[in-house]
Amino acid sequence: MTRNMGIATRHISPQIALSAVLFIGLAAIAYHALNDQLLKAFLVVLIPIAIIYIILSIKRPLIALITYGTLCYFWGVIYRTFIRVNGISILLDIGMLFFLFCMILHSPYSKDIKWRRSFNVVTVAYAIWFVFCFLEIVNPNGLTEAWVNSRAMYPATLIFIILLTAFFTRFKLVKALIMIIAIFTTISFIKLMIQRYIGWDQYETTWLYSSESYRTHLLRTGIRYFSTFTDAGNHGSNMGNIALVYSIIFFYTKGEKIRWFYLAIAIMGVIGLFMSGTRGAMIVPLGGLVLFCLINKSIKFTLASAIVGIGIYIFFAFTYIGESNAMISRMRTAFKPTQDASFNVRIENQKKMAEYMKDRPFGEGIGLAGVEARKYGNRYITTFPVDSYYVKIWVQTGIVGLILHIAVLLICLFWGCYLIMFKVRNTEFRGILTAFICGLFGLMLSAYGNQFFGQPNTQFILWTFFACIVNSPYIDKQLLEEKRQLLTK
């Protein structure tokens, strides 16, 4: 007991407070259970778990990032499960805002968050694109309802980039990101095997037939699997990225056991790529290998990757080995596009759209691309399916928006290559970043043939990778300082 201004006060020990809270909680659970209010009893149980989770997330914002990453990476599963729920995408905004909340509360008590790192080439470049999309509201061809309903005009992505570049400032966080994505990939691979050997679940079946996606996934030549992703195109391109990224990381990682784990992840990526049946996704590893040859400083690796890339091209373009296998046969048509009927249809559609778009330099308006935009009214441009991410950008924002968007991506890409080649001296770290930038380049190329690039899972990969790359000189200095301290001991 202590006295303050003549008034006796008594300190309550944490043990007594905790016991009191537990007693009240148990009493509430018992009350609701005895009155057959099991849902309320379950909610009471969740309250302390939620409080602990929030406290841990504030203490370690990586937990909040993993939560948001889980929402993004497995958005295909969430969307199919709640396909009849309007506005389900708000979960993504909640996840991102929770990450923001944890970062803000964490930063005053820790030096881990470097907000000044948020001002960089990538952030500024994307901010310009965001402003352009925001100003599209004055596009005379546009529709306010479509503009409002489009995620392009929300600042969530810009805020996310700012948070990521302030967060990824240590090498151990880069390694954590690699492991997180590896775990996500493993889960997706398990789901892929379930689809292959057990079959679709009720939500996948409903999605296939209610959206008529069975027309592009259940083919005479075989099934195009989509695993946990939104569709097979998204699945194939992202698995091509995984195959390339983890193959490169395998060669640059020092730990023997973890190296073979990364190789296993890369193999999962290769299997996922082929089982998706997404022909355009083949450009991801091949395009990435081309960039790897250009920016890699090791002659040995450059020659090896060139031989592998040329070998893959010759195998598919000039031989008929494995033609009896449906997956190989389908992928082979990617190397002979003029013989592919669907490719020729796309080209013809793009010619018709080009004629229509020549008088619309700022596009038809945000949210008014593709047949899915028919809900806003029938327009000539909405009679054509948009089978390309860049065509979708072009239709919505015109040639001006397309040039600006590609310029933003190229600025980020070239700046990243410059930093990796000339500002990073740690070999292992440079190898990891090289894998990141090569994977991103492959995804950018593949986006011409698929709309996956704007999906939450791809955006998560895109901006986390770029955040690590843009902070690479800062992280590299830390690694050099740690090495110097070890040598002086």
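From the backbone N, Cα and C atoms, a Cβ is placed for every residue, glycine too.
Keep in mind that what you see is a predicted model, and the values were worked out from it rather than measured.
Residues annotated as transmembrane segment in TrEMBL: 12-32, 38-56, 63-82, 88-107, 119-140, 152-169, 176-198, 261-294, 301-321, 393-419, 431-448. TrEMBL lists 265-405 with the feature domain 'O-antigen ligase-related'.
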Next item on the list: Restricting to the domain 'O-antigen ligase-related' (265-405), report the mean pLDDT as a whole number.
Entry: 88
Next item on the list: For the domain 'O-antigen ligase-related' (265-405), give the DSSP counts of helix residues, strand residues and coil residues.
Entry: 106 helix, 0 strand, 35 coil
Check: For the transmembrane segment (88-107), which recorded stretch in the set 119-140, 152-169, 393-419, 431-448 gives the largest number of Cβ pairs separated by under 8 Å?
Finding: 152-169
Next item on the list: Return yes if the transmembrane segment (261-294) and the transmembrane segment (431-448) have at least 3 CB pairs under 8 Å (sequence gap of 6 or more), otherwise no.
Entry: yes
Margin query: Under 8 angstroms for C-beta pairs, at least 3 of them, ignoring pairs fewer than 6 apart in sequence. Is the transmembrane segment (119-140) in contact with the transmembrane segment (393-419) by that rule?
Written below: yes
Next item on the list: Count, for each of 63-82, 152-169, 431-448, the Cβ pairs lying under 8 Å from the transmembrane segment (176-198), and report the range with the highest count.
Entry: 63-82
Check: In terms of Cβ proximity under 8 Å, which residues at least six beyond the ends of the transmembrane segment (431-448) contact it?
Finding: 174, 178, 237-238, 240-242, 244-249, 251-253, 280-281, 283-289, 291-292, 295-296, 388-390, 409, 413, 416-417, 419-420, 424, 458, 461-462, 465-466, 468-469, 472
